[in-house]
Amino acid sequence: MTQSNNKMMEFGEKVKEEMNEDDEYTLDGTVDRHGRPSIRGKSGGWFAGILILVNQGLATLAFFGVGVNLVLFLTRVLQQDNAEAANSVSKWTGTVYIFSLVGAFLSDSYWGRYKTCAIFQGIFVMGLALLSLSTYLFLVKPNGCGVETLECRTHSSVEIALFYLSTYLVALGNGGYQPNIATFGADQFDEEDSKEGIQKVAFFSYFYLALNLGSLFSNTILGYFEDEGMWALGFWCSTGSAFLALVLFLAGTPKYRHFRATGNPLARFCQVVVAAAKKWRTRVPDSGDDLYEYAISGGRKIFHTSGFKFLDRAAIISSKDLALQNEGQNNPWRLCTITQVEEVKCILRLLPICLCTILYSVVFTQMASLFVEQGAAMKTTIGNFKIPPASMSSFDILSVAAFIFIYRRVLDPLVSRLKSKNSQGLTELQRMGVGLIIAIIAMVTAGIVENFRLKSATIDCLNCEGSSTMSIFWQVPQYALIGASEVFMYVGQLEFFNGQAPDGLKSFGSALCMTSISLGNYVSSLLVSVVMKVSKEDDMPGWIPGNLNRGHLDRFYFLLAALTTADFLLYIVCARWYKYIKMGGRESNRGSIHQEKSGECRV
């Protein structure tokens, strides 16, 4: 026992030596990799933030190296028709973002964001390596197939299964990683510090910019290689980029700041519902002053809000609860804190906002499917140079880069000066509404372009690709408008869900953003199926047939514009109803420095 005490004393002295009394510690409760409070000057900040931005750019390059031309791979190599390939891409992309919920749950509950990012990036690299290997050995046969002039042979069920196994490993790895890397990057900035708080807001814009710049290489160089049938080379480049991203991420380990995992949020959610149900006959007090609460070490309380009053019953102290407390016991399935109840209320308020962004994601996902197929049916040559249809999404990326600058440097300061109530620009909810409006304009524009394309197309072409005399560059406006809408919608979403999610559910907040994209892809797949089934009646080829010149893709775009308009009206109602979360201050974590034990709270 004496020997153990001596070791503890030695460790305490070592901690004192390492942590100078003049060091400034972060105020937001972050810790270093050893579980000790983070020192501001030696961790986090832009050094760690830039590493994460570069990591995100490389990982995005790898992901879109597969995703951006996947619809063409399915039609040219696996010989699926246009509607089937569009549905397959929508389901795959949707699954990517469904897996974001898995990653967020493991991060918030058990692993923490750093460990979750590292593990899922490893899975991501494995999936890409398997896809590259199977493509090289089995799928692109004969060599050079997958272009307009050379068809690939029919593949066995084992080869098809290997393809889907590898692509869904990519989906699992990227999906589990994405919501955590955005939140982990934000963790490197102390929101309790005035300077770092501003940097944290800026980080989300730069994060989305890094994401888009990373995909620029995929949409141009890799897109060109893959469009020319060099699929294996494109996939191997993606694998190398993902591996480099993982190495860079691990290299920054000593400099990162971490938040401790807070335990299973599902259990806390269920405890509130069960405790409220047990006291369903109890009268709810008019204010939250009489409800149960206690200090949270290193965390923040959430102030009581009106609404969802039924849940307030979970924080009412009954005579039985008092008796248990007098005995030194507390049953969380009978009595919950106000903060715990407000966590549940917060999630319930976020869900309608999340659901209202699904239709936007339906619009967004057309870039990876129907926009590419539409471009392939247009004139794609300039002299002897052929433009890969998927590379047109580079105009979306350039638009994102331009509008991030325009918004942060021009629009936001301008709106701040015009507002009379306060000095802030557009709120996150207002920006998301603007994103929906621009998305509607983008779909109308795409429909008009398709209408004119059909007038210049050869209806009886045997191969629909390149059959129209209309240049593919007429697609630039619809891509640019989608890019502008992303700056308002997705950057706004990242800031909104991260800022409004409770401390223990930050990754879940980012996952909600990803989930809306996921559900949007599934809704897109369902919508395409329904439209094809309805429009094929009376021997009609349908709106999206294999030969787009025989269909009416323009009507599908106009339908999306109408649905998004209805969604925008619903969004206005939900945004006006939403109540922002209000949090108290955070306890200083410096007082507990010397109470940390060796080996505890490691990330």
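Note that Cβ sites are derived from N, Cα and C of the backbone, with glycine treated the same way.
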Suppose you had to name the range TrEMBL annotates as transmembrane segment; which of 94-111, 472-489 would you pick? 94-111
So which of 94-111, 160-177, 231-251, 350-372, 432-452 has the most C-beta pairs under 8 Å when paired with the transmembrane segment (46-74)? 231-251
Here the stretch out of 94-111, 203-225, 231-251, 350-372, 432-452 with the most C-beta pairs under 8 Å to the transmembrane segment (160-177) is 94-111
Are there residues at least six beyond either end of the transmembrane segment (432-452) with Cβ under 8 Å to its Cβ atoms? List them, or say none. 353, 357, 359-360, 363-364, 366, 371, 374, 426, 470, 474-475, 477-478, 481-482, 484-490, 492-493, 496, 553-555, 557-558, 560-561, 564-565, 567-568, 571-572, 575
